[in-house]
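Straight from TrEMBL, the features:
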BINDING   Glu80, His138, Asp168, Gly249, Asn250, Ser251  substrate binding site
ACT_SITE  His138  active site, charge relay system
ACT_SITE  Asp168  active site, charge relay system
ACT_SITE  Ser251  active site, charge relay system
DOMAIN    295-386  domain 'PDZ'
Amino acid sequence: MKAKQFMFGLVLSAVMGGGIAIGGYKLLDDQEQAQEVQSLNQNVRYSSLLRNSDVKVPEGLNFITAAETVTPAVVHVNTEYGVQASRGGSRQRDMMDPFLRDFFGDDFENYHRQQGPSLGSGSGVIISSNGYIVTNNHVIDKADKIEVVLDDKRKFEATLVGTDPSTDLALLKVNANNLPTIRYGNSDNLRVGEWVLAVGNPFNLNSTVTAGIISAKGRNVGIIQATDDKNNNVGIESFLQTDAVVNPGNSGGALVNLNGDLVGINTAIASRRGSFEGYSFAVPSAIVSKVVDDLLKYGEVQRALLGIRMQEVDAKLAEEKKIKNLNGIYVVQLTENSAAQAAGLKAGDIITHINNIPVNTSAQLQEQVARYRPGDKIKVTYVRGSDTETVTATLRNRMGDTNVVKREVAKAITFSGAKFSPLSKDELNKLNLEGGAKISNVRSSEFKNSGIEDGFIITRIDKAKVEKPQDVERLLKNAKEEGVLVEGIYPDGRRAYYPIGRG
C-alpha cells in the first residue's frame with residue numbers, strides 16, 4: 001500500500017462562527033484495503049498486568065494542579081468581520097480556497113455568498129495581570145472587532161497591540177487589572193516524551209483541557225507564508241509537535257508543562273478532515289516571549305538575520321559535496337553585507353552550532369537566530385574542510401545594519417505630480433489588501449498619459465510590493481530608465497496594469 005501524504009492546516013477559527021480547521025490530504029493509493037491478521041500462535045494465554053491489588057498513579061501524571069492553575073488564564077477570542085470582508089475573504093481563506101471547497105462541498109458557493117458579518121473564534125493566553133493577551137495572528141487577522149471572554153464569563157473589547165505574521169503571533173490588550181496569568185516556561189528544556197497539556201476553546205467548548213506528550217521539536221511544516229517586500233518567504237517555523245488533542249478554536253491557546261508553565265502557543269494540526277487526527281503544532285515559548293517583548297517595547301518585531309541561503313545536509317548533498325558528517329546546515333550563499341559575511345563565513349561551510357546549541361535543520365537554525373535582535377552577538381560553530389571553527393557574528397536587520405527598526409506610520413505624500421495616500425482599515429478589508437497607496441490629484445504627464453484615474457490603488461511596481469505611499473516614491477526613484485509596470489485595483493474591485501515611462 002502506498003504512503004499517504006498529509007497537508008498541514010492552520011487551526012483556523014476566524015472563518016466562520018465556531019471555527020473550522022483547514023486541512024487536506026492526498027491519497028496515493030486508490031482505496032483502503034482491510035486485512036485480516038491472524039496470530040501465528042493460536043494458544044495465547046493472557047495474564048493481568050496488575051500483579052498487585054493497589055493501583056498507583058505514576059509520579060508526575062497528576063494533571064489536576066496544572067489544569068486548575070492554567071484554565072482561568074486562557075480566554076476565548078471572538079472576532080467579527082464586515083460584510084465585505086466575509087464576501088471578499090481573508091488572506092488565509094484566499095490561500096486555502098481549494099481546501100474550503102473540499103470541506104464545504106456543494107455549500108461552498110453559498111458560503112461565498114453569505115451576507116452579514118462573519119464571525120470567528122479562537123483562544124488566547126493572559127500573560128500579564130494588566131490585560132495583555134497573546135494569540136495567533138490568523139485568529140484576529142483583518143478582524144473589525146475583537147472580543148475577549150474570560151473563563152469567569154466577563155467580556156472585554158480588545159485592542160490590537162501588534163502582530164508578527166512570520167511567527168503567526170499577535171498581542172492583544174484589554175482594559176482590566178488583577179487578571180490571572182500564565183508564566184513563561186522554558187521550551188528549550190522540554191524533552192521528547194514529556195507530558196504537556198493543551199488548553200483552549202475547541203468548537204466553542206470553553207476551557208477544554210487535553211493531555212499528550214511532546215512528539216518532536218523543531219518541526220517545520222510549511223504553513224506560515226509570510227513574505228517580505230521581495231516576496232521571499234520569511235516565515236519562521238520550529239514547532240513543538242504533540243499528540244495532545246487540538247481542534248479548530250484551539251488556535252492561540254496554551255500548551256503548558258505539568259507545572260502549569262507556558263511552553264507553547266497552539267497553532268496548527270495535521271489533518272485530512274479539518275479536525276484532530278493525531279498531531280498538533282505549537283510555537284515554542286522561547287519565540288513567543290521574544291515576540292511579545294518586541295511588540296511591547298518597539299511596536300514591531302526586531303528580526304535579526306544571519307544572512308545566508310542554506311540547505312540541510314542529507315545523504316545526497318553529502319555525496320555530492322563529499323561531506324563526511326550528515327549533521328549541520330550547509331551554507332549555499334552569503335547575503336551581501338550580512339552578519340555571516342562580516343564574521344568570515346563562506347559558501348560551503350557547514351554550520352553545526354549556534355551558541356553551542358546543535359542545529360541540524362533549517363528550522364532549528366532559524367529558531368535560534370529568531371531569539372535575538374539586530375546588534376546581538378552569537379557564536380557560530382562551523383566546519384570548513386577538516387577544520388572546526390567558532391566565530392562571533394553580530395546579527396543585522398533586513399536593511400543590513402544593527403539599528404532598531406521602528407514601526408512606520410504611513411502618511412500621505414505628494415510625489416511626481418500626484419498625491420499618494422495610505423488606505424483605511426475599511427478599504428483594506430473591503431478589497432482584501434494588506435497595503436497599498438491610493439493615487440489622487442493626478443497632474444503629471446507620466447501618470448496621466450498612462451491612463452491612471454483618481455482613486456486607483458497601487459499594490460505593486462514591477463512585482464515589488466507597495467504597502468504604503470513611501471514605497472511608491474522609493475520604487476519609482478530606483479526604477480529603470482525604460483519605465484515600470486504599475487499594478488493595482490480600483491475601489492470597485494477592477495484590477496488594472498499601467499506602464500509608466502521614465503523618459
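Note: Cβ is positioned from N, Cα and C throughout, glycine not excepted.
Note: TrEMBL annotation is automatic and uncurated.
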What is the number of other Cβ atoms found within 10 Å of the Cβ of His138 (substrate binding site)?
30
Greatest Cα separation in angstrom, residues Glu80, His138, Asp168, Gly249, Asn250, Ser251 binding substrate per the record, works out to 19
Reduce the DSSP letter at His138 (substrate binding site) to three states and note it down.
helix
For the domain 'PDZ' (295-386), what is the mean per-residue pLDDT, to the nearest integer?
95
Check Asn250 (substrate binding site) against DSSP and tell me helix, strand or coil, would you?
coil
Out of the binding-site residues Gly249, Asn250, Ser251, the residue with the smallest number of other Cβ atoms within 10 Å is Gly249
Residues in the domain 'PDZ' (295-386) per DSSP class, helix first, strand next, coil last, are 25 helix, 27 strand, 40 coil
Cβ neighbours of Asp168 (substrate binding site) where a neighbour is any other Cβ within 10 Å
29
